[in-house]
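Read through the structure below, which is laid out as structure tokens, and then see the notes.
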Amino acid sequence: MDEKYSSNVISSGKLGRVEAPNARLTRYIVLLYFTKMLKAFGIFESYDILKVVHIVQFLFILKMGCAVILVFFQKPFSSGKMIPKRQWIKILKHAVISCIISLLGFFGLTLCGPLRSLLLFEHSDLVVISLLSVLFTSSGGGPSKTRGAAFFIIAVICLLLFDNDDLMAKMAEHPEGHHDSALTHALYTGIAFLGVADHKGGVVLLVLALCLKVAFNTASRKLSVEIGGAKRLYALSNLVSAVVLLPWVIVLSATTESKVESWSGLIFPFAMIIFSVMILDFYVESICMAKLETSRCARYGAIFLFLNGLLLANFWTHPLTGQIRAISTTGQQSSTEHVLSGGVLVSACFFIMADSILSAPSSKGQKGTLVGYSPEGTPLYNFMGDALQHTSQSLPRFIKDSLKQILEEYDSRQIFYFLCLNLAFTFVELFYGVWTNSLGLISDGFHMLFDCSALVLGLFAALMTRWKATRIYSYGYGRVEILSGFINGLFLMVIAFFVFVESVTRLVDPPNINTDMLTPVSVGGLIVNLVGICAFSHAHSHGASKGSCSGHDHGHSHHGHGHSSMEHSHGGHGHSHGGHGHSHGHGHSHSSGGMNANMRGVFLHVLADTLGSVGVIISTILIRQFGWLIADPICSLFISTLIFLSVIPLLKDACEVLLLRMPPQHEKELNFALEKIQKIEGVLSYRDPHFWRHSASVIAGTIHLQLMSDVVEQRVIQQVSAVLKDAGVNNLTIQLEKEAYFQHMSGLSSGFHEVLTMTQQMESMKYYKDGTCIM
């Protein structure tokens, strides 16, 4: 069979997107790199020119220069069909909106500087649309897209909060006299109304302009098709924009004083900006999108632009760079504002990662119908639909659904309320510590923040236990609460150990302690933790009956969903096996071994904090009244010992569950149940009984039963399921074995010793036809 018609097309990777050879793509990637480098240089040059040229005049020159070149080369009037009047009105609207977006972008450039403008405004439409779809739709593209959206938001936050821009220099350059037109005055007034600095207002303005630009480009696609192509629309729109701006420029030239000493010195800078920013970038990006994938073009373009922007920002004020751009200087001294900072570097890294993720194509697997097999035995599928993978929810919807699930159940609701209270106290403590410059308050606030991580772990575990079972996690996620309790217990043991070691060290050499703020902080922490103890003590004392219900008065009846076994006969062997008896919701109360380990771990964390607050209050009183500095390490020793001793039972119970130990509180009932099973009519013996606790509310078990050849299997399954259900097992699997089963196992070439053991066990039990067994 010819290779192209073989069944190995899928495995050989020959089915899918047809890609050009890498050597042919390299030239376009190199071209895109140099284009983005020139565009970054043009943006930096634009920032310098905007210091002396009014923003409206600057935009008019760019639009007019771009229109002249495009009309000459593109010939939008002679090529293509004639444009009717209705289309000219649409072009006029397109040009006006384009001018507004460009004005916002260039004004943001004057506020934030060239590098930050590149990072905020120069993103592909694909990236922004992917970001918005993650945030506001249910088809965001999976966890990777959500991660990319998070990186993008973090990058913007870094520019807002951690970018230490030279605000003092900006304030010195921004007196009221700088408002040389109504437009700039209105924009500055709007930013001042927000109550933020010009730099932060510029960040917000550029983000808004970016969203408007993407929406504008998306809406313009239909118009470009009607006009006769995007290039023709671009040429006509720039020409109309220049015509619209011309009266405004004439009025500004007549009413304002120009800061330009010589317009002839700006000819080359303007020509370079028009060529690199307005023309070259548009045409090269169109070519690369046609030759490369749109996602690859967007990803490479953003990375190249950001990296060149970082490079230029580092060397723009260097003397060598000044010599290179000496022909375009305007007589102004180079400014030192908008320099590189740690915040902008971190932001650039996050922007690069976000654009790389958000511009990547959504890889969706496909579900198909099995239509047959190839001669080699390879399955053949008919692909009809979308991916097997589930679409991820949008972030607001995910938060809303999670909060709804948290507030539905008692345990998670209690943890959530206490977490909110704890976080509120933590941030108040941190704020007051920063306000008063108290290192003790700040350190205690971060300690409380660490404690909140244990509550978050417990809350997440309580939420996961209600997730539905999947094909991979067929038992569900009930055991997550055990893992949460185990991890919280380990955290507490580590904390207790380090507190104990530090206390022993301080016993030898007690340090001086500043007790000024200890008492109010400890009293506040004690009040918060007492609320937590009251909230979690019920769960701590009631155990699994609390962990498996939603409220205090909810219980499970004995309706017991039973699934009878299916009898499988194989080729005349008469082999029957496997009984599944799932019965949910027994009415037995459990002792501490079956209690909710997750809630126990949370309770012990709160108890440890409470003991710590009590210890601090006692030691503070003793130090203030009697000067006993040794009281602090003694209280710490006592508290760490209590924490350690209280955690041991939790770790012991969690380890027993994780090691699949038979539940201790059910051990006697299970042994008695096995004796009753031995006496059921038709049961010869049993082997391999396994019983373990899966979670606080689920006890699982498996057992093999040897039966007489003429017994009714369903009756035996029903009786055995009832016996083990009374013993507390609510997830049961039964395998029935008759004489034909051993013959079948021998035919399948099972292990000799296994078959021999089972055969000897069967032969040792002789029984009459009436069912009387003789051992």
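In case you wondered, yes, glycine gets a Cβ from its N, Cα and C as well.
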Swiss-Prot annotation: Gly80 and Val260 on one membrane face: no
Packing count at His605 (Zn(2+) binding site) (other Cβ atoms within 10 Å of its Cβ): 27
Selected stretch (most C-beta pairs under 8 A with the transmembrane segment (480-500)) from 29-49, 53-73, 95-115, 415-435, 603-623: 603-623
Shell of the Zn(2+) site beyond His447, Asp451, His605, Asp609, same chain only (C-beta within 8 angstroms of their C-beta centre): Met448, Phe450, Cys452, Ala454, Val606, Ala608, Gly612
Three-class DSSP secondary structure - Asp451 (Zn(2+) binding site): helix
For the transmembrane segment (603-623), distant same-chain residues with Cβ under 8 A (at least six beyond the ends): 418, 448, 451, 454-455, 458, 488-489, 491-492, 495-496, 513, 515, 518-519, 522-523, 525-526, 529-530, 532-533, 536-537, 539-540, 629, 631-632, 634-636, 638-639, 642-643, 646-647, 650
Same-chain residue ranges lying at least 6 outside the topological domain 'Cytoplasmic' (466-479) that approach it to Cβ under 8 Å: 405, 409, 657-658, 694-698, 700
Positions whose Cβ lies under 8 angstroms from the topological domain 'Cytoplasmic' (285-299), at least six residues beyond its ends: 20, 25, 28-29, 31-32, 35, 124-127, 230-231, 355-356, 359-361
